[in-house]
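Annotation comment: TrEMBL describes Asn72 as N4-methylasparagine. If you look up TrEMBL, you'll see Asn72, Arg77, Cys82 marked as (2R,3E)-phycocyanobilin binding site.
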Amino acid sequence: MRDAVTNLIGTYDIAGRYLDRTAIESLKAYFNTGMARVRTAALINSNAAAIVRRAGTQLFDEQPELIRPGGNAYTTRRFSACLRDMDYYLRYASYALVAGDTNVLDERVLQGLRETYNSLGVPISPTVYGIQILKEIVKEMAADVGIEETSFVDRPFDHLTRELSEVDI
Ligand SMILES: CCC1=C(C)/C(=C/C2=NC(=C\c3[nH]c(/C=C4\NC(=O)[C@H](C)[C@H]4CC)c(C)c3CCC(=O)O)/C(CCC(=O)O)=C2C)NC1=O
């Protein structure tokens with residue numbers, strides 16, 4: 001598992017180079033958003049259940065066929081599995097936010113996920129939409145507590161989306 005700092009140092013170490021201007025700029029950008037990242041992770045932590053519930057409600061309101069007979073989230077077991085998956089995405093996104101790096105998502109979440117979903121018939125497109133809803137809720141909450149620049153929130157959720165759907169968003 002990597003974070004923004006170890007990743008950068010690793011790259012420079014391999015090249016046997018001191019941290020140059022580019023490296024310093026990228027470190028500055030990371031530390032400048034540091035408190036906002038930690039505050040957002042804390043917000044996620046204290047509201048996780050509510051965030052997942054709200055995202056699930058929105059997803060199923062907009063795509064009710066998912067929870068009707070024949071839908072992949074139909075039956076209590078699959079409905080719960082779906083919300084549990086949303087909870088995984090939210091929790092790991094909060095780790096990636098703090099790390100400033102998406103590596104944790106590759107290692108812990110995305111490996112083999114597409115194949116699993118395909119073999120179980122879990123539809124990718126509504127899952128990706130659910131991830132985007134999670135992102136919007138987290139951004140809204142961050143803005144509500146006065147975090148002005150919330151674009152750093154996009155990265156982990158968009159990374160999950162991109163890797164899962166293998167299309168550009
Ligand atoms: C921490 C990393 C991690 C992830 C990401 C993960 C995902 C994951 N989701 C699964 C199932 C599932 N995932 C869903 C999800 C959905 N169905 C829908 O229609 C919606 C669009 C969507 C919710 C947004 C459902 C319904 C199942 C159960 C499918 C089945 O058993 O038929 C499974 C199969 C095994 C199981 O049921 O537990 C895995 C491995 N597991 C992990 O350990």
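Please read every residue number as a count from 1 along the shown chain.
Note: Cβ is positioned from N, Cα and C throughout, glycine not excepted.
TrEMBL does not curate its annotations; it predicts them automatically.
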Where the C-beta lies under 6 angstroms from ligand 1, the matching recorded positions among Asn72, Arg77, Cys82: Asn72, Cys82
Separation of alpha carbons, Asn72 (N4-methylasparagine) and Cys82 ((2R,3E)-phycocyanobilin binding site) (Å): 9
